[in-house]
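Database features (TrEMBL):
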type	residues	note
DOMAIN	218-378	domain 'O-antigen ligase-related'
TRANSMEM	21-43	transmembrane segment
TRANSMEM	55-75	transmembrane segment
TRANSMEM	87-111	transmembrane segment
TRANSMEM	117-135	transmembrane segment
TRANSMEM	147-167	transmembrane segment
TRANSMEM	187-204	transmembrane segment
TRANSMEM	211-227	transmembrane segment
TRANSMEM	233-248	transmembrane segment
TRANSMEM	255-274	transmembrane segment
TRANSMEM	365-386	transmembrane segment
TRANSMEM	406-426	transmembrane segment
TRANSMEM	432-453	transmembrane segment
Amino acid sequence: MSSSAARFRERRPELLPPHETPGRLFVLYGRLLGPLLGGYLLFDRAFAYLHLPGSPLFVAEMMLGLGAVAALAATRYFLVPARDEPVLALLTAFALWGLIRTVPGVGTYQLDALRDAALWFYCLFAYFVIAALARSPELLDRLITQLTRFVPWLLVWLPFAVVLSPLAPDAPKVPFTTVSVLSHKPGSAAIAALLVLGCMWLLPGRRSPRSRAAWSLLALTVIALAATQNRGGLLGVLAGGVIGLVLMRRHAGLLVRLALVVTLGLGMASLLSLKVPFGGLQGRDFSASQLVANVVSLGGKETPGNLGGTVEGRQELWSRILDKQVTDGRLVGGSGFGQNLATEVGVYDAGKDTLRSPHNSHLHILARMGVVGVSLWAALWLAWYWRMFAGCRRLARDGEHTRRQVAVLSMMVATAVLVSCIFDPQLEGPQVAALLWTSFGIGVAVTTIRSWFRPGSTGRDGAVTASRGGP
């Protein structure tokens, strides 16, 4: 063994070099993570409902099962980052409190309690991606390469996914389920398009400015189509985009060009009365006028159609659930997991009991896990953002360009999801939760100052070796 390798071992005794450690399952996890997220981005709920027939094991649970086995086989890759990173202590506290509130409901509500517990247990995606990167830091290059190559395919499909989603009831079903193959939420499509924009401008690879501009126009079109159907997705994309623009170098010129493109595009669409020839969800058209109405409604102004009604109905549901918690004395510890919170307060979804939550993931945490849970939730994300902003400044100062860009992209995605789930319970489903918690974990890895993550091909030259093979 060389003297430099010996010094490395002395400096980092917790983690042995990859060829001397068992963590191959974490490598497998890291290699499967890209295809998993790609399936969610492309097909949303339809992909999420792929499962082993006759069992509750969906693709997300099978992936988490692989991560759990990997953690048992190579615990050091799981435990060392958790020990070294304070933000993971907060995540552990949040998950443990969720487990404590879930266990009492399992005996009474059985599978319903476990299903509702997805609100917190999908955070395992964060732990496992961190452990995978600790085992093989080069997996970061692989994920960037996969994303770069995947972007064109995603952008070609997303406009069709949004426009065809109203036809979902008449479309074929995912095998062994009642879920349509066209079940793609507009908010999820908007977040996917934001991810594409971030990838284009933060991690361009070999793409020319002209190519990036063309693909970006298509991504903006997807966001506009989704925004006609879902205001939560629009707000999420705006919030995530602001994060990206603020932290992007030479962002002033890009912001001016973006404003011009959006203004001209919306103006031309309005003048020409462009619209898709069939209606969208809840009777909303895919049109410029509907997009304007949605934007206006964000300011609380009176708007035609059902825009105001959906807001009032959502607020009524929130109020009833909160009032019941106060009345039952469950505000501090929460109601736990398993019971249908909506039907308990007399709210049904078109006469059915399919609506189980306050239709707001943050309030859902408050309802299920109480003030204790939502306080841990708020502290977790405050600590993460503090870490990410500080990490971006340090990485820029140290010349670690690629790691900084990945950190910015992670913040863009996380911000979009956290804002969007104010209006849509997205954290309860793996198609968005997996993306959020993976972004969380990658953000922790690229901003760490500890020795457990030391990528070999990312660094000061501002390029990722593997990403050069992208289109």
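Just so it is clear, glycine is given a Cβ too, placed from its N, Cα and C backbone atoms.
For the transmembrane segment (406-426), the residues of the chain that approach it from at least six positions outside its boundaries are 140, 144, 185, 187-188, 190-191, 194-195, 198-199, 202-203, 230-233, 235-237, 239-241, 243-244, 247-248, 314, 357-362, 364, 381, 384-385, 388, 391-392, 395, 432-433, 435-436, 439-440, 442-443, 446-447, judged by C-beta separation under 8 angstroms. Of the Cβ pairs linking the transmembrane segment (117-135) with the transmembrane segment (147-167) and spaced 6 or more residues apart, fewer than 3 are under 8 Å, so the two regions do not touch.
Only pairs six or more apart in sequence are counted, and the transmembrane segment (187-204) with the transmembrane segment (233-248) gives three or more Cβ pairs under 8 Å, enough to call it a contact. Residues of the same chain lying 6 or more positions beyond the ends of the transmembrane segment (432-453) and with a Cβ under 8 Å from any Cβ of it are 11-12, 14-15, 33, 36-37, 40-41, 60, 63, 80-81, 84-85, 87-88, 91, 118, 122-130, 133-134, 137, 140, 143, 188, 191, 195, 384, 387-388, 390-392, 394-395, 403-404, 406-407, 409-411, 413-414, 417-418, 420-421, 426.
Remark: the transmembrane segment (365-386) makes no contact with the transmembrane segment (21-43), by the rule of 3 or more CB pairs under 8 A.
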